[in-house]
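So the structure is just underneath, and the comments pick up after that.
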Amino acid sequence: MAKGLSSNNAVAVFGTAVALRLALFQFPALASLLGERVEISTPVTSFKRLSEGVFLFTNGVPPYDGGVVHQAPLLLGLFYPIISSPLLVNLLYILIDLAIGYMLLQITAIKDKDYAKEKKITQYGGKEEEPGMSGLSVATLYLFNPYTIASCIGRSTILYSNAAVAAAIWMGMKGNKSLAMFNVAVATYLSLYPSMLIIPVILMLTRKIDDNDLTKKVAIRCTGLFAGSLVALFALSFVLVNSWDFFGSVYGTILTVSDLTPNLGLCWYFFIEMFDQFRPFFLVVFQIHVFIFAVPVSIKLRKYPLFVSFLLCAIMGTFKGYPSVGDASLYLGLLPLSSEIFKYMRYSFLVTNLFMYSTLLAPIFWYLWVYVGSGNANFFYAIGLVYGIGEIILMIDSTFALLRRDFESQSPPETTGQDAALGWDREVVQK
Amino acid sequence: MRTSSPCLLLLSGAVLALSAAASTTTDTIPILKAPEAFHEQLVLKPLNDGSVYSHFQFTTHIGTMMDDDHFDGAASNLFKHYNLFPRSIGQILHSFEVEELHLTFTQGRWQYSDWGYPLAPSAGTGVELWAWLNNDKRQTDEHWKGLTNTLSGLFCASLNFIDDTITTEPKLSFRNEGLYNTHSVPPTLHNNNNSTIPRRLRYGSLPHENVCTENLTPWIKLLPCKSKAGIASLLKSHKLFDTRFYSMAVHVRSVCEDEKCRVRSLELVQTITAVFDVARHDGSFNWSLSGLFEREITQSCPLASTSKVIVNLPQTADIENQYSLVPHPPQGIHSEGSGDKKQEIAVYDLQKILPETTSPFHLALQWEGSRPKSVRAITPGIVAHRYFTGFGQERGGLAIEIRNNNSQDIEAVYLDTLPWYLKLYLHTFSIQLNGKSLDNQRDLVQKMFYQPAVDRSRPAVLEMALRLPANSLVKFTVSFDKVFLKYTEHRPDANRGFDVGYAVITAKLPREQGQIGYGGLDHLRIYQEREAGLVRGRRSDNREEEEKEGETDKMRVYTDTLLVSLPTPDFSMPYNVITMTCTVISLFFGSVFNLMMRNFEVVKPASKKSGKGKEKAEKTE
């Protein structure tokens, strides 16, 4: 297991990641500045709100009987003993961030093993396809992604949900049913949307099983494990806060998007501007829209559960009510796990530019609207749209690339017969 | 129901009888006729800065003594016959089971540091309504809603906007002001046992509400003589609303008529307080009744039991008689206290003065030469200042400074109600004492109640029992986030901002500290003293400790109202936002649908016969 870590490179990468984060945490002003940025902290992931929740909890005020705290009760329980020490809190954040990097590294290792058994795709010029990125590169891309760093320094609690997702994928790839399902349940418990991931994780767990009946049995068992873990987490939460108020305050807020604090998503301005009589309709449509892709994507791409989990995470990170750059850091971390599709992607340059454009302009337009008053809400909304379009093009383009590569492996160019002359210059269209 | 028990009734439709324990005693109750009575009084006082303070107070009592045989019908009997007591108020009290009602309309700021404390207990800008209701939780909310809506209609004010998002139930402030006997735990209407009627408080305020003539007219209609006779004939809206401070109130409470509190009556106090800026036009500080009100009192109200005009004379430090009061009071000038605490009062009994003459009642105060600057300075015991900190429309802070000018520790209760669109972070709450931050808050904040706000349904309430050290400045700070509202939740003038109501500090202050009217002749004060014995034994919910009688007064200090500017969306954008967001979402949906539903296929050369295909084939070469 420690194979990946033993090398000097790995030590260097992880060491630098820790040092960088520790250095940035040395400036508390930076941490609180990032923690209050709307792009990083949303109402359901803000550390400030979590602190308020812990404070109320400590002082005997029911934390969920109010409009401030929307984080899961067990997070309050986790932070309750350590919140008074900023050092411990920071160390916990760094540790979890590193753990995600480590899990990505491990997932790549398992994936590479699977990949080695696959039939190699012949590419242009008759060469064999080269294997994708190494695990360390994947981990490096995650750990040094500016979004990841900003989210970690801003102490957004999306990190815990992300860690649970990564752990679920890792355990799914490893074949550990109960831990995989438990982690999906934890991620669901923390931010609801990852419940979709139960499908790709079951796909991972059953990917080596050929028997249909056995697959069904495993799937049913997994669903049972998931439901059991979720119920256990809810029961534990009830024991902790002694009330069921948290359901409405945590999941109700996520589903009804009642807190309209701006973020990089598409929902906030939409529901600020929505006519009252249509609000419930669009709310339902928007929420269904997030979940609706889980099934078709999982059916079409069932051979690629890792990619499915990337795609579902990206869908969540784009269309959920309160997206933040922390969500982007998760799916951008999962994307390199399918690095072999990169060469089929057509719009990488455009996507990169859209992300950079929105990342640079979002704080400026926010400042113009909220502080200077020389811009208005439309400026920031427009940036959110650009960011959303970037995410959407990334998802579409990567799915296209995956399908294209799949096509190449299924029907390589004919070497004999009528069409052989075309060879690698053949034209391919979607029909 | 056994009806041989001695019982009494009172108030707001609820029958209050002695407890079963008391009913077994063989005391005979003194059959006290407690008829309706009406008192009117006008207090005038030149203030330190030359303004003239006027306080009208009209008190109506309705009391009933029921014998045992009429127990059952008591509740309805009380509100069947109206002579002096206004029927509209009686019916409201009856149908919503209101035990105490306090409604105040205020315009302008009361300047504590210049004027001291007002006679009227409420001085927060806007409208303040609080009531004690006699029923259980669910009914309370229904009745409160009914009450606000009915009063809204009665006084032509927007009181119906006091809904759940504004209403609170303070735990320490706004205690019952009525008097109750410790032993007569009131039984419920239909259940004559020892159980207490659950009395619940509801409090709401509208800082944005303006007060004007349309509110004064229905208020005057509640008076027995309207504005036709008596001191109420001075009430000319034209002049009253052209003042630095104007406040108009209706208070209803129950009081005891005998020592054991078996006979009780309902008291309706209507007050109007106005501060006139007399020097505004010609720089002269002389004033007269006709000059202030542009009206005269030609006859006293025949229905009034007492009708008095009281002038609280200015206390000049060095030379006496720098002014003259015309006419000289028939009973001479009444003085009380000495030195700094000296108060001089002139009393005019209109019922004696007016019948003796045919001319209307005149009253004027004239300074000999110029008004001296050395009028005794006022240092109010407690001064509070509340303000916003921070900039931008994203977040801010609230700072509250309370200065205790007394040479002794003062117990006070701080009540702050913040609307839900300010999200308080209580973990950022900090206290500074005389400029130094305080770690041990226990000595200062003895109790704290905090109710977090819920979006769109209830406000945040912060209530603290404080012990303010002598001669100190205590500063609280707390930070908040501003909420982004839906475009329909903004006011039409969205960029003006939202009004945030005042905070209220209820402090127990030592007597005679520059409070206006504490000259011994104030009607309220007299009343309190008469019932001092009952005050001691009075029963009240949640009362932590009894007041120290005679030494302290509960004073409410109001801070200024604040204006908060919330981030606004572009109000012209709904269609654009809907179309653009939906376009982006359908872009994704359509593309994914395509990718999922369609398969790749090699374009066969055979199909390249169309021109388009050929071009492409050439292109790829």
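Using N, Cα and C of the backbone, Cβ positions are placed for all residues, glycine too.
Here's what TrEMBL has on this protein:
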REGION    A:410-431  region 'Disordered'
TRANSMEM  A:78-105  transmembrane segment
TRANSMEM  A:157-173  transmembrane segment
TRANSMEM  A:179-206  transmembrane segment
TRANSMEM  A:218-240  transmembrane segment
TRANSMEM  A:246-269  transmembrane segment
TRANSMEM  A:281-299  transmembrane segment
TRANSMEM  A:305-323  transmembrane segment
TRANSMEM  A:344-367  transmembrane segment
TRANSMEM  A:379-403  transmembrane segment
- Query: Hey, which bits of the same chain come close to the transmembrane segment (A:179-206), Cβ under 8 Å, at least six residues off its ends?
  - Reply: 44-45, 71-72, 74-75, 157-158, 160-161, 164-165, 167-169, 171-173, 214-215, 218-219, 222-223, 225-226, 229-230, 233-234, 237, 251, 254-255, 290-291, 294-295, 298, 302, 305-306, 308-309, 312-313, 315-316, 320
- Take the transmembrane segment (A:157-173) and find every residue of the same chain, 6 or more past its ends, with a Cβ under 8 Å from one of its Cβ atoms. 42, 45-47, 50, 71, 75, 78, 93, 96-97, 99-100, 103-104, 106-107, 110-111, 151, 179-181, 183-184, 186-187, 190-191, 194, 197, 200-202, 204-205, 305-306, 309, 313, 324, 326-327, 329-330, 333-334
- Query: Honestly, do the transmembrane segment (A:379-403) and the transmembrane segment (A:281-299) touch, with at least three Cβ pairs under 8 Å and pairs 6 or more apart in sequence?
  - Reply: no
- Under an 8 Å Cβ to Cβ limit, what residues of the same chain, 6 or more beyond the ends of the transmembrane segment (A:246-269), are close to it? 38-39, 42-44, 64, 66-67, 69-73, 191-193, 237, 283, 286-287, 318-325, 358, 362, 366, 377, 380-381, 383-385, 387-388
